[in-house]
Amino acid sequence: MSKGPAVGIDLGTTYSCVGVFQHGKVEIIANDQGNRTTPSYVAFTDTERLIGDAAKNQVAMNPTNTVFDAKRLIGRRFDDAVVQSDMKHWPFMVVNDAGRPKVQVEYKGETKSFYPEEVSSMVLTKMKEIAEAYLGKTVTNAVVTVPAYFNDSQRQATKDAGTIAGLNVLRIINEPTAAAIAYGLDKKVGAERNVLIFDLGGGTFDVSILTIEDGIFEVKSTAGDTHLGGEDFDNRMVNHFIAEFKRKHKKDISENKRAVRRLRTACERAKRTLSSSTQASIEIDSLYEGIDFYTSITRARFEELNADLFRGTLDPVEKALRDAKLDKSQIHDIVLVGGSTRIPKIQKLLQDFFNGKELNKSINPDEAVAYGAAVQAAILSGDKSENVQDLLLLDVTPLSLGIETAGGVMTVLIKRNTTIPTKQTQTFTTYSDNQPGVLIQVYEGERAMTKDNNLLGKFELTGIPPAPRGVPQIEVTFDIDANGILNVSAVDKSTGKENKITITNDKGRLSKEDIERMVQEAEKYKAEDEKQRDKVSSKNSLESYAFNMKATVEDEKLQGKINDEDKQKILDKCNEIISWLDKNQTAEKEEFEHQQKELEKVCNPIITKLYQSAGGMPGGMPGGFPGGGAPPSGGASSGPTIEEVD
């Protein structure tokens, strides 16, 4: 096989994950079971050795020979307090070999013992094979991640595990660093950033605070609980149902290992369901002594069962902040890692603790670490081809970008958090007859009206040939390159005439703090904005209707089809409405709607009559373009003269 690219491997306590950077993006690779994460489990049976899903699936039948949690042993001495306390909970045996721990199992009928590095190397081998099966190439180079608090011997042992697995470990990087790289936080411009990584996995909970400056990462503090994770939440649910079974059936299933195991599997599934639904049902046939167990649990009950554990996740956050000598307001970014951070309650507690700050969660939390490791692997293996240097570290546009349209409305072309580079084009038109030019004003921000957003720059496109309103087509293109530089161009489709502006991201752009603030304000103002948007839209719709109606009855195609009295009736009413609009630019939505009803009352009967007599109008209705009109000049809102076209 040919040599494949470098991969990133997240070697986790309970699950591992592998990713590769190719074709300009990171791909997280699924295993042969179609799962994008693989259990860090190795099982030994009379006939074979199983790794991953196969190992975890048979743990109930073969508990003493199924090894997991090797990460809790790696690089530690046998008499380490951690090893001694963990040993009590494991079904497999840990023995002392000259001061080093080894796991002892029965394999093919004989007793074998393995160092933690060997067990981890088996998991790494599996991850390597998963990547090779997907890529169809040999994989040797890898970046492997470890917790930030790992000491030198733990790091070295992890590297050794890689070597045993036949990998050339390019670098060992910290899990929180990898997660920050996944979100491209090291590529954001400006002064140093403080990033808090909240990593709640299957069996461990780690909080890390990093500072990033000029692409250099420094771990400021770490805190957490090495024995808190998804499994604990499962246990609470298991105990809840054991108690329920006792109440319902007067039987205690807690001593029956198989029953408890089946219940635990069902609980883990229910827990996952509760992250997206508010209720989950559990159905287990013949759980115990032939009794079928059918029950359900609500999200609220699940949250209540784990209330203390969920709340307790904030203690390490506070400790990490204290150790880093930072106030929570000084944290620029919060990154969620680990499957348990999908739990809505945990997200809410964390977001509330940080006063409503947005959390970085767009990358699958189980995969964020492997994602960042894959990016790092591509960089370290000198991937110049895809220009990973420039391209990646997944930069996004922090704020929406758009232009001002009729009535001072912000029309967004690029939504916030769009991955860059990106390019968007939209067509606009004029709002008054024979309008010679348009003013393109570029804004960033989340508000509905441009006056509440930040003006980045503006330019004019002139020399538009005389034409009725709504006829010219002006194509506006927003193009952001990998360095965040924005090019905005406008082209008049009829003449091909073009003008453009380049906006670089340093000057005139907002600071990170401003961005945070604006995003938060935007939430608060969303309701007001909706109202304002509705108002402008009902005003535009009334205006359009009046102008179009006027144009329709004045059209020469209708000469002789409409009697003068009807025509005058419509024109008078239209002119009355147009002059009312001039005086009442800031009226309420209801007033615009009322005026439109009045206008329709006059026009509809006449137009209907017209249609019936003409059997449909020749050439269809002239005028009438979507998006509605704009305030006539001199209106209170003297927005720029361009109009959105669907």
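The first residue you see is number 1, and the count goes up from there.
Note that Cβ sites are derived from N, Cα and C of the backbone, with glycine treated the same way.
Noted in Swiss-Prot for the protein shown:
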MOD_RES   Ser2  N-acetylserine
REGION    2-386  region 'Nucleotide-binding domain (NBD)'
MOD_RES   Lys108  N6-acetyllysine
REGION    186-377  region 'Interaction with BAG1'
MOD_RES   Lys246  N6-acetyllysine
MOD_RES   Lys319  N6-acetyllysine
MOD_RES   Lys319  N6-succinyllysine
MOD_RES   Ser329  phosphoserine
REGION    394-509  region 'Substrate-binding domain (SBD)'
MOD_RES   Arg469  omega-N-methylarginine
CROSSLNK  Lys512  SUMO1 cross-link
CROSSLNK  Lys512  SUMO2 cross-link
MOD_RES   Ser541  phosphoserine
MOD_RES   Lys561  N6,N6,N6-trimethyllysine
MOD_RES   Lys589  N6-acetyllysine
MOD_RES   Lys597  N6-acetyllysine
MOD_RES   Lys601  N6-acetyllysine
COMPBIAS  616-632  compositional bias 'Gly residues'
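Overlay of Swiss-Prot feature records on the structure.
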residue: Ser2; record: N-acetylserine; DSSP (3 states): coil
residue: Lys108; record: N6-acetyllysine; DSSP (3 states): coil
residue: Lys246; record: N6-acetyllysine; DSSP (3 states): helix
residue: Lys319; record: N6-acetyllysine; DSSP (3 states): helix
residue: Ser329; record: phosphoserine; DSSP (3 states): helix
residue: Arg469; record: omega-N-methylarginine; DSSP (3 states): coil
residue: Lys561; record: N6,N6,N6-trimethyllysine; DSSP (3 states): coil
residue: Lys589; record: N6-acetyllysine; DSSP (3 states): helix
residue: Lys597; record: N6-acetyllysine; DSSP (3 states): helix
Packing count at Lys597 (N6-acetyllysine) (other Cβ atoms within 10 Å of its Cβ):
10
What is the separation, in Å, between the Cα atoms of Lys589 (N6-acetyllysine) and Ser541 (phosphoserine)?
11
Averaged over the region 'Nucleotide-binding domain (NBD)' (2-386), what pLDDT does the prediction give?
92
Provide, as an integer number of angstrom, the distance between the C-alpha atoms of Lys319 (N6-acetyllysine) and Ser329 (phosphoserine).
15
With every protein chain in view, what's the tally of Cβ atoms within 10 Å of the Cβ of Lys319 (N6-acetyllysine), excluding that atom itself?
15
Let's check the environment of Ser541 (phosphoserine): how many other CB atoms sit within 10 Å of its CB?
16
What count of other C-beta atoms do you get within 10 angstroms of the C-beta of Lys246 (N6-acetyllysine), across all chains shown?
13
Neighbour count, 10 Å Cβ-Cβ cut-off, for Lys601 (N6-acetyllysine): what number do you get?
10
Among the modified residues Arg469, Lys561, which residue has the fewest other Cβ atoms within 10 Å of its own Cβ?
Lys561
